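So that you can see what the record holds, here are the features copied from TrEMBL:
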ACT_SITE  133  active site
BINDING   90, 132, 136  Fe cation binding site
């Protein structure tokens, strides 16, 4: 597997709606594998093809405590529900973290690496990650959704306070 270079903001590829995937072949499979390895190398929980300079509708996320791999290709959001404000970060925005409001539940339809359609429902953190990555596929960046920015020092203090409570 190869590690891919992560595109940093500002970059046109991040702000542009990606093209639907039409070829489900070995090249796509290799890209998805390389995206997954790149995501892990950078301690991410999701990565979208535009973040590795490929303007196609493909993303990879890890879901649940078991960290199952979900490949999301040509997605459509079928339903959302609820609302939650949580801190988000992004591999394309190093050191930018902030509060983002998103639905707390999402139901999507997408294709896998073989072109087979599937549906998945997610709630909480998993729903947030899926929506963040789908946003990337449509040129929507999380920095435009941030309602409050956190400094790295604030995040460290919050993590320390959380550890003390445990």
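Keep in mind that glycine also has a Cβ here, set from the backbone N, Cα and C atoms.
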Inter-residue Cα distance where the pair is the residue listed as 'active site' and residue 90 (Fe cation binding site), in Å: 10
CB-centroid shell, 8 A cutoff, Fe cation site 90, 132, 136, site residues removed: 46, 48, 51, 88, 91, 92, 133, 135, 141, 142
Neighbourhood of residue 132 (Fe cation binding site), C-beta criterion under 8 angstroms, separation at least six: 46, 88, 90, 100, 102, 142
